[in-house]
Amino acid sequence: MEGTPHPIPRTVEEVFNDFKGRRAGLIKALTNDVEKFYQQCDPGNFFFFFFLASEKENLCLYGLPNETWEVNLPVEEVPPELPEPALGINFARDGMQEKDWLSLVAVHSDSWLLSVAFYFGARFGFGKSERKRLFQMINDLPTVFEVVTGAVKQVKEQAATQNNISKNKSSGRLPSRQPEPMPKGVKMSAPKDEDESGEEEEEDEQGTALCGACGDNYGTDEFWICCDICERWFHGKCVKITPAKAEHIKQYKCPSCSNKRARV
C-alpha cells in the first residue's frame, strides 16, 4: 500500500532505481529501524479488526521507492495494482526467535521485490535482453536476506581471502601460511633425498627465506613461487616460471618434487 503516488517506472533503469529504493527501505526496516518495525508488528495492535473483517488482521511490510518503509494492511483491490508482500508477518512474530523472524521477513521481501520489478517489466513489454539486463543489475546487489543475516559480509570475506591467495600465487608474495621467521641456524624442512647439509634452507639473520634453487635471499622486487609439495620457495627465473604461467597452475611442484614423483 502506497499512500503517496510515485512515478511509474517504464525503462530498465527506472525499474532498477525503483527496486533499489524499495530495497533500501526494507533493509532499513529490518536493520536500523528494527525496534520500531518490531513494535508495529505486535499482533495485539490489530486484534480489533478481527471483529470487523477477519482478513484485515494480516499485516504487510512495504518498501517504498523513496527508500522508506511502512507496515500496513493489504489493499482491498482485487487484483491489486502491484504484487502484494507476504501477509500476516505480525502473527509469525511472537512464535519465532526474533532473528529467525527477521530472516523470514527478509526472504519474503526479496521475493516481493523481484515480483514488483518484473511486474513492471511485463507491463511495459520488456524483451528478453531487457529482462536479462534488469536481472543482472538486480543480481549484482546483495539480497535483503544476505544483508539482514550478515551473509553478505561472510561472502565478501571469503572472496577477499580467495583473492589474496590468488594474488600471492601470481605475484610471488609470501602467503600467510609461510612460517614465522625462525631463529638463526634452524633449518627449514627439505625433501628426504636432498642434501642434508641444509645450507639452501637456512634463513639469514633477518629470518628471510632462501631460494631452494640458488640459495639467494628473498627479494620483494622479484617473482617467487612456492612448491605445494615441499613448501619451499623459488625464484621464478630459477625454475623457469613466470607470473603469467603461475596464474594457470593449480598445484605447483618444484623440479625436485616432480622428479621424485616421476621415479615413483
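One is the number of the first residue shown, and numbering goes on along the chain from there.
Every residue gets a Cβ built from N, Cα and C, even glycine.
What TrEMBL says about this protein:
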type     : residues : note
REGION   : 158-206  : region 'Disordered'
COMPBIAS : 159-173  : compositional bias 'Polar residues'
COMPBIAS : 193-206  : compositional bias 'Acidic residues'
DOMAIN   : 208-260  : domain 'PHD-type'
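Averaged across the domain 'PHD-type' (208-260), pLDDT in this predicted model comes to 81. Taken through DSSP, the domain 'PHD-type' (208-260) splits into 10 helix, 8 strand, 35 coil.
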